[in-house]
């Protein structure tokens, strides 16, 4: 039989399990303290459940049937809100007014949302991750990202966006990841990416791009990854890619490239590019159909006229000895950076480059891009959003940085100083032994 004291303790434990934390917890939800977390995902809610504690910092409402958001649904104390995969059709402009602590907002996979008011995200000064993938958006209003100076990750993929106006991202000075793939963009103007001075990854594949302004990437000096595959591009000027001095991964396949004279500047840039790039398959002219633009020779452009003459093209070809000498002066990704370009030199640039050190040990997978990378803290391509791993392919990113071929200078043998005996070889040892025996014989006589 249980003692009276034990029964009281058991009753208290049972009551504690039934009582909601911090003054209340919504029905069918689970709440956790420190930090206050409300988990209500996958419960077929048609509206925001009542009774969410005002001190809630993390709220998880994904995989329900919620249809709209308005002011008063959440407390300004909120830091994280996941409300993806619902049926949201409307977000009141002042829904997040005063949410100065909000850092992560996932509104993705609400396919009937379609439009957003310009002031929807106004004042979210700490927001660092914003998920708007698969929201049925066909356009973005001017100023919608105004003031989001802390934003680092912006996911806009798999919408129906056809056009982006100049300076749409101009306030996103700390943005590192911009995902725009799977939309209907047909052109990139001069000022679309203006201000994105810290952008690291730009994914534009699987759009309908036909034209890119030659200054579209002007501010992207820190970009390392650019995907333009599976578009409708036929031409891309080499000058367009010239500002991308830190670029490491480039994909241009899946376009109908014209490999005639118009491709010459891109061909020249690709010859200088030191990173990893896809094939650039030629669609025209007919005699080059199926060839890789990168494999064409100087002679293929000899009859082209324009700013760059065949003589200028030929000047880029190097002899074997020249290439070996050039490698001695070309810094690798792990070597010292040019002060003017903290993230590396323009691919193929020669002036101002620093000579690498003589240490011939290899860099082992530095800055490797892998599938096992961390989750929400540093989202990779496979981490668009929680429970979203099945919605894309893993094979679009390389698994490691491209290996570079380098030559180590032949080591100069170090000779012993004058007067110091070196380690003897077999012949020298025999001579020394013979001399010692002769000396011994002479002394015995």
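Just so you know, glycine gets a Cβ as well, placed from its N, Cα and C.
It should be emphasised that the depicted structure is a prediction, and the values quoted were computed from it without experimental measurement.
Swiss-Prot lists 352-366 (among others) with the feature compositional bias 'Basic residues'.
Taken from Swiss-Prot, the feature compositional bias 'Basic residues' covers 401-413 (among others).
Among residues of the same chain six or more beyond the domain 'LRRNT' (25-54), those with a C-beta under 8 A of the stretch's C-beta atoms are 60-69, 73-75, 77, 79, 82. Annotation source Swiss-Prot lists domain 'LRRNT' at 25-54.
Per Swiss-Prot, the feature domain 'LRRCT' maps to 255-306.
Positions annotated as GPI-anchor amidated serine by Swiss-Prot, on the basis of sequence analysis: 424.
Per Swiss-Prot, the feature region 'Disordered' maps to 304-380 (among others).
What Swiss-Prot lists as region 'Disordered' is 401-421 (among others).
Residues 22, 31, 35-48, 82-92, 94-101, 106, 386-387 of the same chain sit 6 or more residues outside the repeat 'LRR 1' (55-76) yet have a Cβ under 8 Å from a Cβ within it. Taken from Swiss-Prot, the feature repeat 'LRR 1' covers 55-76.
Mapped onto DSSP classes, the repeat 'LRR 2' (77-98) shows 0 helix, 5 strand, 17 coil. According to Swiss-Prot, the repeat 'LRR 2' annotation covers 77-98.
The annotation repeat 'LRR 3' is assigned in Swiss-Prot to 101-123. The predicted model assigns the repeat 'LRR 3' (101-123) a mean pLDDT of 98.
Residues 84, 100-120, 153-165, 168-169, 171-172, 179, 376, 379, 384-385, 388 of the same chain, all 6+ positions outside the repeat 'LRR 4' (126-147), place their C-beta atoms under 8 angstroms from a C-beta of that stretch. Positions annotated as repeat 'LRR 4' by Swiss-Prot: 126-147.
Swiss-Prot lists 150-171 with the feature repeat 'LRR 5'.
Residues annotated as repeat 'LRR 6' in Swiss-Prot: 174-195.
Sequence-distant contacts of the repeat 'LRR 7' (198-219), counting only residues of its own chain at least 6 positions beyond either end whose CB sits under 8 Å from a CB of the stretch, comprise 157, 173-190, 192, 225-234, 236-237, 239-241, 243-244, 251, 254, 381, 396. Taken from Swiss-Prot, the feature repeat 'LRR 7' applies to 198-219.
Taken from Swiss-Prot, the feature repeat 'LRR 8' applies to 222-243. Here the repeat 'LRR 8' (222-243) has long-range neighbours at 181, 186, 197-210, 212-216, 249-258, 262-263, 265-270, 273, 278, 283-284, 343, 346, 396-397, meaning same-chain residues at least 6 beyond its ends whose C-beta is under 8 angstroms from one of its own.
Taken from Swiss-Prot, the feature signal peptide applies to 1-24, supported by sequence analysis.
Long-range neighbours of the repeat 'LRR 6' (174-195) within the same chain, counting only residues 6 or more positions beyond its ends whose Cβ lies under 8 Å from a Cβ of the stretch, are 133, 149-168, 201-213, 215-220, 227, 232, 379, 384.
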